[in-house]
Ligand code: DMJ
């Protein structure tokens, strides 16, 4: 038999049997004992050193941006130059953040004040006033422009006036930044002209909604529409022009009306004209996160009770349906008992911080602890991870949310554990993200590969929260307790509520009852976070005592990140050896009676190993049921087929039983398939199209493939060296719509490499079948049986003779 990939699957099974005999097992896990270390107090000296290290980090990134990228919106830290909209090759929708308005500098202004660097702040404000302009024919995201630009300008304006008063400086400043934010606010306003009052997701800075590209605009996310009020209220109160606040309140009111009346939950994507939900998934992460944050913070900033009542109603619903112990799992807003995803996204890491602000400390400690485990397991928190902490999407753009929550938890509890967590996060950034020209996002936490991207929030939030965590109130020039942090960590003073209050007071239209204002939270005085955290350290499998305590550690409960478990396993005579690339976190277990602490523990070790083997087998059976196959006939014999493993998708029809789709394979041009159409659209008709992962969502590639008439789509991974043999297969997620009618499967790089090699070898196009792997196996087995039968029939006459 030649070394083919279908065989490599079988080979994998066979290897497992060999492991059985040899009693060695491969288990996906990461060795880490740090979670069980008791919290060490951090000395003032160390804390001050970390604060200074955070300051150095800031200047390393800021100077890299100013010297190599300004006036661009962002620094590209690998190529060490600026990212300009319309000049730098487009990354698709992601680039809607950019408006060629020096976003990183504007987003960073208030951090300079927090750092006490008034000279650089003054210089930077002058640059912004001199260089930044908004009259560009560019479509931008309303949400991002508001939180980063409007918020950045407003906060800098407020701080400039503060410095004039308290630091006797910047006397030349006459409110220019406020004028700029007002101008930008006006440029965003056309987006609010919808029948619901809920703003469009995007607007053209110069043309408003008159840009022909925006003609079909109708979908937005809940967070996109619901994260306006803080900035717009501040804008109105500071300029005296009510329009901004009026529009933002109206958007919030309209969103509130769209909640599901039964569950009180919100969906993630909606139609701004009809108010219909497009995606009914409801969680606290991507697409919805800062809507909840702005409800609560609007109450804090503006003192309007209705926002507290609304927040509480949603909060109770989230805690009832979405929260699952420390995890937060999306449900369907109209069927809240049904989980709609089995993974969480890293954006939800802001939630414990919000819980702290709202006074619900215990679940905040729990969720934070869960996230910390994920971080320790994968170095950074990946963009999405499954309930068993496997990576669903390995990217990490140096997001702030986890550090933000760590900061708020430290402020609320004074527990030095949070300083230690912050230290770990800081050192990790230094070790794995720092490059000579700034800090680079991580493309995949498994490989640690960098991406040429440093988002503006790295300076405005990630490093700012680190600096704040390690600073004492007396180290800071302003009293941060007198400010609300916007979702982009810009500072808006609580005193804003006193400005023009009468002009902007709104009728109480919602019917709230006293219950909406009551939520019992555990008192922080009685709460000892360590006690809450401890039982959670192994919460996936429960807490397991050591074998010496009488009970044997079962393979089901075993966690390689738990030091007690590691010790127990060691006592049972089991040694663990890392295999392959450490980043993949694989260890092999060997058992020997000689190494066991006692004969009894040696016996336990044997049982443990047997259980582990059963588990491994079960896992592969489950995986097999979901696995898809891309099969083709071998070069040598057209009757001899082999199959490469592939993952399914949530948004395309499932091929069941003996169903398959057959066609010649063709590569999309361009390979990422993110554009409106394909250069080889004609050729792709009826074929099995291949597109590479990246630049746009899986489902948009699928829609394009369907549009050009492809029979099926294979999305191949963009992470070199990835393989289904070494990492768990996953199912691609969609956006809740079921308009994709062709099968779509995912292939890791190694498997696709094999397919691509065959394609290149063949003179004729390569014909493949996309089908279920189980079905392929069944089909092969049946074929082998038939062949055996034919062989025995063919032999029969001879025997009779
Ligand atoms: C920031 O721009 C804001 O914190 C926003 O609310 C969410 N996304 C990024 C950081 O991850």
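Just so you know, glycine gets a Cβ as well, placed from its N, Cα and C.
Model, not experiment: these values are computed from the prediction.
As recorded in TrEMBL:
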ACT_SITE  144  active site, proton donor
ACT_SITE  289  active site
ACT_SITE  383  active site, proton donor
ACT_SITE  401  active site
BINDING   487  Ca(2+) binding site
DOMAIN    661-747  domain 'PA'
Practice task
Filter the recorded positions 144, 383, 487 down to those with CB closer than 6 A to an atom of ligand 1; keep them in sequence order.
Solution key: 487
Fill in the blank from the handout: Around the Cβ of residue 144 (active site, proton donor), other Cβ atoms within 10 Å, all chains included, total 20
Exercise for the section: List the Cα distance (Å, whole number) between residue 487 (Ca(2+) binding site) and residue 144 (active site, proton donor). Expected result: 10
Fill in the blank from the handout: Rounding to whole Å, the Cα atoms of residue 289 (active site) and residue 401 (active site) are apart by 11
Practice task
Just give the helix, strand and coil counts over the domain 'PA' (661-747), going by DSSP.
Solution key: 14 helix, 24 strand, 49 coil
Exercise for the section: Could you round the CA separation between residue 144 (active site, proton donor) and residue 383 (active site, proton donor) to a whole angstrom and send it over? Expected result: 19
Practice task
For residue 289 (active site), just give me the three-state DSSP call.
Solution key: helix
Completion exercise
residue 487 (Ca(2+) binding site) has its Cβ surrounded, within 10 angstroms, by a count of other Cβ atoms equal to 27
Practice task
Find, for the listed active-site residues 289, 383, 401, the residue with the lowest Cβ contact count at a 10 Å cut-off, counting only other Cβ atoms.
Solution key: 383
Problem - Cα-Cα distance linking residue 401 (active site) and residue 383 (active site, proton donor), given in Å to the nearest integer - result: 11
